[in-house]
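Peer 1: Following this message is one structure expressed as structure tokens.
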Amino acid sequence: MALSCSKVLTFSLSSVVGGDDAKKKLSLCSSSSLSASVNGGGSRNMRVCAAASNAPAPLTGVIFEPFQELKKDYLAVPIAPNVSLSRQNYSDEAEAAINEQINVEYNVSYVYHSLFAYFDRDNIALKGLAKFFKESSEEEREHAEKLIKYQNIRGGRVVLHPITSPPSEFEHPEKGDALYAMELALSLEKLTNEKLLYVHSVADRNNDAQLADFIESEFLNEQVESIKKIAEYVTQLRLVGKGHGVWHFDQRLLHD
């Protein structure tokens, strides 16, 4: 039996096989087969060929080539002076929705500030409610400023829309001013939540995961907590009516 192979490396080895002296010739080659040749008589010649690659394989498994990826047009850095350099995957619809939400937050803050001024009057003198609505106004203004900062982070343009002038009188002959004001606050918080959910839907529609995360983490949780808290205040004011219980409720707000 004989099988040839190329690039043969041969060496000899003497051993005793079956009592006869034999000379084995081992050969290592670069082919992909194993062969042996056996001569008649007491002499045996063996040729062994081990598999090896003809050429080194090219490097594989590269999954990211940055300089090739950077050739994509949408990754080019703008050179126009009035164009944001940081803007990426931020739609015009999302930009407009953020500007609208800024306006919502400022409007609600303005109403709360008017409520603060009303309850701080000397002839109303419900200092706890005044404190509550002043803090609520500041909180809504902080929300607006947070949205402004986010708009700039994403490369959008902040556009401030007009703010509606709120009422200055909150008397209600049946409910009383405290309950009426708190019910108004509850409605405003629910309206704000509805507007925030709209911004979140805009983010989903435009596959803007970063905007969705921002609204979820910074606003939505806090919003439902505010709704729950004010809903409890409404319930308590309904229980106490318009009498002395309002003063006790006000004192609790003042010292919270």
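Cβ atoms are placed via backbone N, Cα and C, with glycine included.
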Peer 1: Swiss-Prot lists region 'Extension peptide (EP)' for one of the ranges 55-87, 187-219; which is that range?
Peer 2: 55-87
Peer 1: Among GLU140, GLU142, GLU145, GLU169, which residue does Swiss-Prot name as a further Fe cation 2 binder in the site formed by GLU189, GLN223?
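Peer 2: Of GLU140, GLU142, GLU145, GLU169, GLU140 joins GLU189, GLN223 in the Fe cation 2 site that Swiss-Prot records.
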Peer 1: Quick one: which of GLU105, GLU171, GLU174 does Swiss-Prot put in the Fe cation 1 site with GLU140, HIS143?
Peer 2: GLU105
Peer 1: With a radius of 8 angstroms around the mean position of the C-beta atoms of GLU140, GLU189, GLN223, what other residues of the same chain does the Fe cation 2 site pick up?
Peer 2: VAL108, GLU139, HIS143, LEU188, THR192, ASN193, GLU222, SER226, ILE227
Peer 1: For GLU189 (Fe cation 2 binding site), which residues of its chain lie six or more apart in sequence with Cβ-Cβ distance below 8 Å?
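Peer 2: Spatial neighbours, sequence-distant, of GLU189 (Fe cation 2 binding site): GLN223, SER226, ILE227, ILE230.
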Peer 1: Give me the count of other Cβ atoms within 10 A of the Cβ belonging to GLN223 (Fe cation 2 binding site).
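Peer 2: A 10 Å sphere around the Cβ of GLN223 (Fe cation 2 binding site) contains 20 other Cβ atoms.
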